[in-house]
Amino acid sequence: MTPAARQVGQSVHRPPGDWLLRRVGHSGPIVLAGLACLYLLIPTAETWAGTVPLLVGLLIGLPHGAVDHLVPAWISAPARSLRITVGLLLAYAGTAAATVALFLWAPVPALTGFLILTVLHFGTGDVAYRAERDGQAPVRPVLAVLAHGGPPVVLPIALWPGTVDPLLDAVAPGAASAFAPAGRLIVLCVVLLAVVVTGLRELTARRGADVAALAILVAAFALVPPPLAFGGYFAAWHSARHVARLLRADPANRHHLAAGRLGGPARRFARQAILPTIAALAGLLVLVHVSASPTVGPATAGPSQETPFQLVFAVLAGLTVPHAAVVNRLDARMAARITGPVGRCPIRRAGSGYDPEWGERGRSHHRFALAAAEEMTTVTARNDREECPMPSTTMPMLETYPKSINLDRTKLAATIDALDDCAQACTACADACLSEDMVAELTKCVRTNLDCADICATTARVLSRHTGYDANISRTLLEACVTACKACGDECAAHADKHQHCRICADACRACERACRELLATIA
């Protein structure tokens, strides 16, 4: 295969934006290696390696969790409903409040649990990042998670007690004495063993760059004071990689990243994150001011009064716990999109016959059809949830049209994709209905499926033609699609509790109906 052909093949199968992950992956090791060299080579490094770099790193990395409220809607179409959105926000706030209360009630156990969660969060985040970067299904053995998440947490506690212990006691009085030296040594040995085993596995797989990055991570936290090392790690390693993954997860960035453009997605993320970030910073400043006030601060409080540092850390921990839950959900959803070494979309294999990876689902034609229909809707409603990593050609074709188009090209591309997906889902659902034992009860469902499929397919073809554009024809077809998708969605929803393919088809119809309504609103 020629290099050009190989590049074309990769552009078809790989999710858009993998180039961004590869570039961002270099920033963390470079920054940590640079900080280590500066600290070791500059005699006066001790004077600037204090808490200022830590605060700067935390400030730079804070926006990486500012769009948690948007992530569920990016990865799951049902999460866009107001009811589910409100429920998720309440759950987020409730988890944060419970974490803060636990820190104030039992600080040492809460801190211990938080440190364990941090190791898992950092480790699983790195494993998920590498899986997306390489287009491979993520495997999370305990050793790999410990190898990537352990050094930023365990090495400072074990190797820099003089620097870390005062911070531990400031967060949770008595925590430093609770972490016995023997226990620290045991945990350190476990983490280093995980690093060695993981490094050997990477060498065997000929991933020299990953081995070098892991070595830099360990060396930085072993040789550089924790405030300086953690500030650089949090900003340039953990947060940068997570932001890159968020840019890929947002369906609105899909075509920009596929075309190699970063400016639009970066500006979009900045607009989404700026208000939550400002609100979080303002809240922390108010908390510090109130807790340090002479009327309520430690000067007039009892011996158990929390210090401003304790309160700020408790709030940050409270925000971290639900953030980790959101990221874990993102990891699971993004992993579901990856089915092979080049990120193949499952529906592309559905018609090829039995697939051993699907196990018993492939032994029965009927069950295989249902599984294929379910997998097929991983491409449903690309405008709402980019379930399939295969990029659509709709937007590139619209961008190459030599004349002007009277419609918003982004909304037009999203609508055409939704129409194609809905037509495919309805066709598959009708076929699955015909294979059901109770097919007589599904006659109307089959009819509405086929009607919706024909109308959506026709509308997608008409909307793809722009020479001699007639707004009246487009408006009439879109209105017909809205009617057909609503009827089909309602009919399939009535059978969704018994038939999985009907539930999937109903979701596709709802997404298509919504896309058609949005495009209709732009037609003069």
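The backbone N, Cα and C atoms fix where each Cβ goes, glycine too.
From a predicted model like this one, the values you see are computed outputs, not experimental measurements.
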Quick check: of His121, His289, His466, which does TrEMBL put in the same Fe cation site as His64, His238, His242?
His121
Looking at 20-42, 319-341, 411-433, I want to know which stretch TrEMBL calls transmembrane segment.
20-42
Tell me which range among 141-162, 207-228 TrEMBL lists as transmembrane segment.
141-162
Would you list, in sequence order, the residues of this chain other than His64, His121, His238, His242 that have their CB within 8 A of the centroid of the site's CB atoms, where the site is the one recorded for Fe cation?
Gly61, Gly65, Phe122, Gly125, Phe234, Ser239, Arg241, Val327
May I ask for the residues of the chain that lie six or more residues beyond the transmembrane segment (111-129) and have a Cβ under 8 Å from a Cβ within it?
21, 25, 99, 103, 138-140, 144-150, 152-154, 157, 168, 171-172, 175, 178, 238, 241-242, 244-245, 317, 320-321, 324, 327-328, 330-331, 334-335
At a 10 Å cut-off from the C-beta of His121 (Fe cation binding site), count the other C-beta atoms across all protein chains.
23
